[in-house]
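S.K.: Copied straight from Swiss-Prot:
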type     : residues : note
ACT_SITE : Arg145   : active site
ACT_SITE : Lys169   : active site
ACT_SITE : His241   : active site
ACT_SITE : Arg244   : active site
ACT_SITE : His267   : active site
ACT_SITE : Tyr276   : active site, O-(3'-phospho-DNA)-tyrosine intermediate
DOMAIN   : 1-84     : domain 'Core-binding (CB)'
DOMAIN   : 105-289  : domain 'Tyr recombinase'
Amino acid sequence: MTLEEQFLSYLKNERSYSPKTVLAYQKDLAAAKKFWQENGGFPGWDQISRRDLEIYLLATGQKLASSTLSRKLSSLKSFYRFLTRRGLVKADPTVAIQLRRGKKKLPEFFYQDEVGQVIRSLNDGKPLTVRNRAIVALFYATGMRLSELTDLKIKQLDLENGMILVHGKGNKDRYVFFDQESKKYLEEYLQAARPSLLKNEPDTGAVFLNKLGRPISSRGIAKAVQQIFQKAGLTAGAHPHELRHSFATAMLNNGADLRSVQELLGHEDLSTTQIYTHVSMQHLTVEYRQHFPRK
């Protein structure tokens, strides 16, 4: 039996939980697992870190009531408590995680100069570095999801017009755009670094490749982003989701219409996009208090 199956069997047979309650736990575990599979890869329950959980709760919490998010965290806490007591995992990553009641945590993001600092640090000309520079630039310029960038094919790129046809969630297509600087980094990767990485491997048409010349995985991209930001001295726990947040926040801070940002992000519900207006207001409040002349 899988770890999930052992846990669900324990709830049903030893704790005598109702079928409805057991099903709720099953759905909560499946939702978390699916999120990680689509956003960095799922290495196994014994490899999930506190940071993985925080990213999941942050992303999920933008579109759920606080009570629903609390239930999801409670399910994961119960699951890991079971696993640790049975010796099925060594550590419980949920131990130190608490939700602030009644208030959703605002998305974490990077300022434009911070992203610029990271991009400028990727300058040694090595194929993987050129690839990583293109990845960071595209994440920030387009706001694409990790799964969307991972699955990106060359045929989806329109370099001349600075556009990408993105195959989003629920088989919904949309166009995103990128600037001249990102175009330069992408072209440098496609023209020199990608052929160097590809070597004698069959060309699948995937835009981003790993060091073996094969399509890079979501987890490979997530790991690369984390290492890039850590090496640049910004944070030890950066995730592609935060570059997506950074794109949305930058657009709104510079006067973009909320519905336009919704379209670019591929959000089905406007309320999911509205969380970024709170981030923008928080930023503006800080700027006002720092720079308004009357103290």
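From the backbone N, Cα and C atoms, a Cβ is placed for every residue, glycine too.
These figures come from a predicted structure and were not determined experimentally.
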S.K.: What three-state class does DSSP give His241 (active site)?
M.R.: helix
S.K.: Quick one: what's DSSP say for His267 (active site), helix, strand or coil?
M.R.: coil
S.K.: Pop the mean pLDDT for the domain 'Core-binding (CB)' (1-84) in here, whole number is fine.
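M.R.: That region's mean pLDDT is 87.
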S.K.: For Arg244 (active site), what is the tally of other C-beta atoms lying within 10 angstroms of its C-beta?
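M.R.: Taking all protein chains shown, Arg244 (active site) has 23 Cβ neighbours within 10 Å.
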S.K.: Mind checking how the domain 'Core-binding (CB)' (1-84) divides into helix, strand and coil residues in DSSP?
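M.R.: For the domain 'Core-binding (CB)' (1-84), the helix, strand and coil counts are 65 helix, 0 strand, 19 coil.
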S.K.: CA-CA, which of the active-site residues Arg145, Lys169, His267 lies nearest Arg244 (active site)?
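M.R.: Given the candidates Arg145, Lys169, His267, the nearest one is Arg145.
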S.K.: When you measure from the Cβ of Lys169 (active site), how many other Cβ atoms are you left with inside 10 Å?
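M.R.: I count 12 other Cβ atoms within 10 Å of it.
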S.K.: Work out how many Å separate Lys169 (active site) and His267 (active site) at their Cα atoms, rounded off.
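M.R.: About 9 Å separates the two Cα atoms.
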S.K.: Between Arg145 (active site) and His241 (active site), find the distance joining the two CA atoms and give it rounded to the nearest Å.
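M.R.: About 7 Å separate the Cα atoms of these two residues.
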S.K.: Can you tell me the CA-to-CA distance separating His267 (active site) and His241 (active site), as a whole number of Å?
M.R.: 14
